[in-house]
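A.B. asks: Pasting a structure here, questions to come.
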Amino acid sequence: MSGLPGASTCPGPGEASDLKSPLGAKFREPLTEARFQQLFGDAEQEPELLAEPRWSRLRRLWKRRARACSGPGPWPLLRARLPPLRWLPHYRWRAWLLGDAVAGVTVGIVHVPQGMAFALLTSVPPVFGLYTSFFPVLIYTLLGTGRHLSTGTFAVLSLMTGSAVERLVPEPLEGNLSGIEREQLDAQRLGMFALQLGVLATFLSEPVVKALTSGAALHVLVSQLPSLLGLPLPRQIGCFALFKTLAAVLTALPRSSPAELTVSALSLALLVPVKELNVRFRDRLPTPIPGEIVMVLLASVLCFTSSLDTRYNIQIVGLLPGGFPQPLLPNLAELPRILADSLPMALVTFAVSASLASIYADKYSYTIDSNQELFAHGVSNLISSLFSCFPNSATLATTSLLVDAGGNTQLAGLFSCMVVLSVLLWLGPFFYYLPKAVLACINISSMRQMFFQMRELPQLWRISRVDFAVWMVTWVAVVTLSVDLGLAVGVVFSMMTVVCRTQRVQCLALGLAEGTELYRPLRESHKLLQVPGLCILSYPTPLYFGTRGQFRRILEWHLGLGEGGKEAPKTDGPPDAVAEPVRVVVLDCSGVTFADAAGAREVVQLASRCRDAGIHLLLAQCNASVLGTLTQAGLLDRVTPEQLFVSVQDAAAYALERLVRRQ
């Protein structure tokens, strides 16, 4: 060991460093964490910061946070909570107003039939869909930060809400209700939505969200079959509802209504090609063709002139109440019953809305405030629920429609509200003769984009097999069980994949690249230098109770700390390399993003075992959180602050000097 490369001292002022000897390229003394804090740390921090008690550190951080929050007045807070105060003064009236007006009117025209159609999925009267297309859109326009986001009724949420409504407030099987009983039933069902806040700040992975919406689209398709065929079947809920509905439809198929089937076939024959034309000629059309509203007007005129409701007993929408509903306060006694149903709805609401907002913000080069988005959707669902609205969120169909029609800012939402408002105040009677089968066809045709998400599976398979597995497991669970249970299965399985990936991580032995200060895994090249007696290990995963056993086994394997006494250490170098006893080990902690109490105690035990075995342990590049956890676990009782370094390079340089001195 007398000829260790890199044993030379720092070059003098007139000397040239030996760059061909990589370990000799040394320009400064190694920096420990304590020395780094002295030179570059906060002026308020002392060298003993690593040993600072937790309560003292929390008190110091609290004082710093209090000083930071005491400056701004109410105006910055108001501007943060009301985004129009920020973007409206900079609004380009000549360049943007026409685009926002056209896009808003276009989206509003789609909101009218789509809102009434999605109300059927929610098991409430169609007018409640119009309320949901007005109040949440107006509130998000005032509170949201997504310039191109369109909120309102969403098929997946409507389906989940409808299942909860049918389970909690089932309609009598005979279906013969008086007008007063029907109003009481609808009011009780709307009470189910009043506590749906939608304010759970969590993100679902992209495979889970896409599989959820794709599987829910299949549920929507099957649930609309009775309306398409004119079969008065009760709605199936719970596990295997999709298969139960299919079985009931096949059993009752001989009793289907030819008139309803004809109306459904004609509606789909118009809606599906129009949807395809809007997609194929998106760049050529000045504005998308409003196929839904055209179909609604044609079907209403046909039903009125031909008296289809009386001659063939076709189900129609009926009278839409004019004006606004009276505010309805929630019954807090219902909270325990609806809490389990509200949780997955809140997850879907924020996950879909935040994902769409981020996609279009990145596309058009602006930023969104995630906290404000959470606040906007929560307030939107809370306030709108008082006005007979069911849970709502941003939707891909209307958002893409708004963008294609030339929308630029949130102001387009006001024009959309004007269209819906005109229907609520004046145009409602024109939809009296609208067949409900047409609304079912609108529900099915709106699922087009969700069905086509399955075309991304081959690409997902090539990118990540794990994400592909998450997608398939979630989709199968949603289709087989139910939307909310499928969501739970998808989230749990997705989290399990993350845990499993932390369990399969490899601890890599590092070597020095010749002529540099870069350390790379020894398996990447045989030209990397490995100094006898020095072991540099990188552990690139969080250190918690689930990985502590793996961490212990890996370190024992590399350092020869077996249970039967000290063994020969393992090497990742060439097969003919002579393994010498490890005297200094450098543990690169840059990949340890966090450590819990169990993981911290494992590091403390490792330090004790290394000290007993005569191995000098050095820790490099620990982040502040991990270092604080290790300190509280008693690490400084086993090692000194001089054994904690800011980088692998500093720790390796110190280790080389130590090995040279021992020679």
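Residue 1 is the first one shown; counting continues down the chain.
Heads up, the Cβ atoms here are built off N, Cα and C, so glycines get one too.
Dumping what TrEMBL says about this protein:
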- 1-22: region 'Disordered' (REGION)
- 95-112: transmembrane segment (TRANSMEM)
- 118-143: transmembrane segment (TRANSMEM)
- 468-496: transmembrane segment (TRANSMEM)
- 524-655: domain 'STAS' (DOMAIN)
A.B. asks: Across the domain 'STAS' (524-655), what does the pLDDT come to on average, as a whole number?
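C.D. replies: On average, pLDDT over the domain 'STAS' (524-655) sits at 81.
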A.B. asks: Go through the chain and flag residues at least 6 beyond the ends of the transmembrane segment (95-112) whose CB is under 8 A from any CB in it; none is fine as an answer.
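C.D. replies: Result: 130, 133, 137, 150, 152-153, 287-288, 290, 292-293, 296, 397-398, 401-403, 405-409, 411-420, 423.
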A.B. asks: Over the span of the domain 'STAS' (524-655), count residues by DSSP class, listing helix, strand and coil in order.
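C.D. replies: DSSP composition of the domain 'STAS' (524-655): 52 helix, 24 strand, 56 coil.
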